[in-house]
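Please read the structure below before turning to the comments.
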Amino acid sequence: MAVTITLKTLQQQTFKIRMEPDETVKVLKEKIEAEKGRDAFPVAGQKLIYAGKILSDDVPIRDYRIDEKNFVVVMVTKTKAGQGTSAPPEASPTAAPESSTSFPPAPTSGMSHPPPAAREDKSPSEESAPTTSPESVSGSVPSSGSSGREEDAASTLVTGSEYETMLTEIMSMGYERERVVAALRASYNNPHRAVEYLLTGIPGSPEPEHGSVQESQVSEQPATEAAGENPLEFLRDQPQFQNMRQVIQQNPALLPALLQQLGQENPQLLQQISRHQEQFIQMLNEPPGELADISDVEGEVGAIGEEAPQMNYIQVTPQEKEAIERLKALGFPESLVIQAYFACEKNENLAANFLLSQNFDDE
């Protein structure tokens, strides 16, 4: 007797597939590919998750006792890396707006990074390792050629009410709330990366999560190889990046807004970060050498990647000053108000909502 399998993606898309109980998980993946398309859902890149476990290809569907009232989560990892070189990403032809400041081109060292096609021989387990592979879950890396790349960079990082929704969705996969919260925190609220952490192990967790044997073996590989190829290495000595890292470690929810601001003021750098998101997150997780004042990040996001350290002060119009004063009247420290105001692109209402949604500790 045929059964109906309900499947849901991390983008909240739901669809159904009819299966015979004796058909294997591999057959289910093939049916998903046939219905949703080989480019979006290749069999080799699919991971099916039910009750917190990855379904094995050669196991019949009946063995997992999937309740038709529940759903199976579909994740897709990038396995066909050659697609990145065969055709440009779909994008709007309009380029991202440039800031009035002249930005230097991204360092050529970033372009010497091995092309994706050179890594086609790697196994899917290597591509899903959270700390050693530059590949990431499909959809988690913003499109580098999009006119709205700063919005793309922030769109995969959820905050506010979306955070609670995504938290509930991931918990529905069979994970406890505490583990999901820890995974989201480690991934800076990136739901795709959080699920990867739940499957392969949360960085800094005392006990590794139970992923596949291959994934655990890959995670043990030394990170020196990836570090040696890091095209964002030049950021380490940038005082603006060091301040940004300190602020984000204190308040991870600021990352989407800061990335969006960076995309407006330095789109070339955001494009490079988008191509190497894994290394960028690793650098943000590194402990800072010196504790920076949280106010030091004000106005400096756009200066990251430049050689102009003179951007230490910002000028505000009388209207902007009045908005800052009104936000201060809500009871928040001036440094936090300024930080939130500029991180939210001088949107007073958005900044107020952000400040009220955070639990800042006055220093």
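Using the three backbone atoms N, Cα and C, a Cβ is placed for every residue, glycine included.
Among the features that Swiss-Prot reports, domain 'Ubiquitin-like' is placed at 1-81. Under the heading region 'Disordered', Swiss-Prot lists 81-160, 203-227. Under the heading ubiquitin cross-link, Swiss-Prot lists LYS122. Here Swiss-Prot flags 161-201 as domain 'UBA 1'. Per Swiss-Prot, compositional bias 'Polar residues' is recorded for 213-222. According to Swiss-Prot, the feature region 'HIV-1 vpr binding' maps to 319-363.
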Open item on the list: Counting by DSSP secondary structure, give me helix, strand and coil numbers for the region 'HIV-1 vpr binding' (319-363).
Closed with: 30 helix, 0 strand, 15 coil
Task: Model confidence over the domain 'UBA 1' (161-201), averaged pLDDT - done: 79
